[in-house]
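Visitor: Can you read through this structure? Questions will come right after.
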Amino acid sequence: MASKTQVGFVGLGNMGNPMAKNLLKHGYPVIATDVFPESCKEIQEMGAQIVDNPAEVADKADRIITMLPSSPNVVDVYTGPNGILKKVKKGSLLIDSSTIDPAVSKEMAAAAEKMGAVFMDAPVSGGVGAASSGKLTFMVGGAEEEFTAAKELLSCMGANVVYCGQVGTGQAAKICNNMLLAIGMIGTSETMNLGIRLGLDPKLLAKILNMSSGRCWSSDTYNPVPGVMEGVPSGNNYQGGFGTQLMAKDLGLAQNTATNTKTPVPLGSLAHQIYRMMCARGYASKDFSSVFQFLREEEGQ
């Protein structure tokens, strides 16, 4: 079998680190960088080559994946003074798995095209657990003829790789999913809290909801009430999982796109306000299911 060509990776945080590890496990040589050098240590020990900045990654690899916290980080990593587009090779495939504004994805795609490179947006669903086990869902936007090449790499890190349409549509799918996820989590938390107040055992209530029409992912897979389920953040003081701050960010993106497209999202707007309030009250780094705890505390205000 021919040896696999190297892949660049920029952004080795909670998601990027396990994703890059899965590329290594599938036999791809990885060239990586992160603004925090300590984030590179673990993957370096596994055999990845570490360089100083994104431009150096682009100088050595013609397939690059980026996984970054927000739109400004993506703009800097691609177009900044040490950005990918400073050294990108013609014909390079650039895949951004960050969750950002679809308009920024389109800007990056246009900038990449001027340099003769191809940019695709491929945000993920599934969280840190799915990143570690290689079971992420990738929602991919970009030129359809490039999808097969992108899928080859993304399949090493995910169980589902779905083509959504042109650049920006991957982000659109992700933002819509997370808006529904937030609304569903708040609804589940309110419902569980009310049921407990009415004297119902939380495990029994969850069981009834999950065999009834109110069932949803937040009730049957990721229940927010401590003690109802094992192996979820609510059972571990809301540590790990998907941070409240990140949910607030994604709901902000949903708000921006809703405003730009004149789409009414009253529940999405309210969810955004609730998660922003949570960030201001010390919940920023806790899992987003901690909205249950937040609502319980609000009763005492």
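Yeah, the Cβs are placed from backbone N, Cα and C, and that goes for glycine too.
Dumping what TrEMBL says about this protein:
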DOMAIN    6-165  domain '6-phosphogluconate dehydrogenase NADP-binding'
DOMAIN    168-294  domain '3-hydroxyisobutyrate dehydrogenase-like NAD-binding'
ACT_SITE  K174  active site
Visitor: For the domain '6-phosphogluconate dehydrogenase NADP-binding' (6-165), provide the mean pLDDT of the predicted model.
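Guide: 96, rounded to a whole number.
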Visitor: Let's check the environment of K174 (active site): how many other CB atoms sit within 10 Å of its CB?
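Guide: For K174 (active site), the count of other Cβ atoms within 10 Å is 28.
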Visitor: What counts of helix, strand and coil residues does DSSP assign across the domain '3-hydroxyisobutyrate dehydrogenase-like NAD-binding' (168-294)?
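Guide: Its residues fall into 85 helix, 2 strand, 40 coil.
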